[in-house]
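**Q** The feature ATP binding site is assigned by Swiss-Prot to 158, 160, 161, 162. Per Swiss-Prot, region 'Domain I, interacts with DnaA modulators' is recorded for 1-93. Among the features that Swiss-Prot reports, region 'Disordered' is placed at 88-108. Per Swiss-Prot, the feature region 'Domain II' maps to 94-113. Sequence annotations record features per position, and here Swiss-Prot assigns region 'Domain III, AAA+ region' to 114-330 based on sequence analysis. Swiss-Prot lists 331-451 with the feature region 'Domain IV, binds dsDNA'.
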């Protein structure tokens, strides 16, 4: 059989002919074939878990058919995500592995880092909730072991801790190619330590992690309660710190709140700088969605990004997942994206989504309270800015948050034409993309209406 990369490129070319362009761009363009397994399975990487599941459900059969047409052999695709995205999603043994690790510092760096190419400082969106953590991470990357050592980053799931750790690793390696950088989770550290003891390779294990320039260890809270692992990490920490090697640690909570963590480890974690990351505000959430859309070559209307940003304020992972879901839904039903479609796509994962039973009068009353406009003025012919602009906001929200048709909305605003409603919606949508003060006002009104 021909080279697997060439084969997969041919498969993708055939896919372009058989699926819509949005579907191809959303699901297939970023895939890559890695290896053959047992001569009957082709291993294909997808960019994330959602894409992997979608590909399995919708494109497995078509993939097999195309491969059979091209080669005469029927292969079953197995869609996986890269190991650096999810360690437990281990690729099979037949998958080409990175070069063997060497214990000599400065060699085989890439084989140990397992860094995600997408997680760099350039792709990190800075906001009020992560500004200090970003600055500290950049300082550490620019001057390892001279700025803050250790650097301890904590925060909830999906807020960017891992992104910053990978960014530090990339920056160090870019500016010092001979540096030995290792990134791993504390769970992996624990598993490797257990295996090393079982296989009588404790010395090899210690050499591996005590002869590095930068150690990036994620989710340190998982070693809590594991006495032997804590003992080993304590000595690893000491060895690196004494040699002025940089240590960066992440957790879902500060050291003092990690239960069953030994006091001697807790005190060492507090030697350097402790910084937290909090959930992103509305402006940051919109910026994250824009950057994600740009990175994925997706054309997402502003109203859709605003809708998603208003609905999901927990973490970045859920925010980006919601965007992918909306894109997928739009591709599946072959309809253009708008706020109504986004609401439909996300109704199963957002239990408190904007209620469609809301009335236009409810919206007019609340907008009027915020802008000191009387209810009757929304229906009057007044065109002064103090009335016209709030009226346009109310029209925009009526379009976003109710099922009312354009003529119906127009009639509720003094019998105005549906084109007036369209103009108001377009105007406010554009302003929301750039006007932070307006974003805050509309968000406040939206949240009140949701309640």
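Cβ from N, Cα, C; glycine included.
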**Q** Starting from the Cβ of residue 160 (ATP binding site), draw a 10 Å sphere and report how many other Cβ atoms land inside it.
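**A** So the Cβ neighbour count for residue 160 (ATP binding site) comes to 27.
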**Q** Give the sequence-ordered list of residues that share a chain with residue 162 (ATP binding site), lie 6 or more positions from it, and have CB atoms under 8 Å from its CB.
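**A** For residue 162 (ATP binding site), the qualifying residues are 119, 218, 250.
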**Q** Quick one: among the binding-site residues 158, 161, which has the most Cβ atoms sitting within 10 Å of its own Cβ?
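**A** Within the set of binding-site residues, the most crowded position is 161.
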**Q** By DSSP assignment, list the helix, strand and coil residue numbers for the region 'Domain IV, binds dsDNA' (331-451), in that order.
**A** 82 helix, 0 strand, 39 coil
**Q** From the DSSP assignment alone, can you count helix, strand and coil residues within the region 'Domain I, interacts with DnaA modulators' (1-93)?
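**A** Here the numbers are 45 helix, 16 strand, 32 coil.
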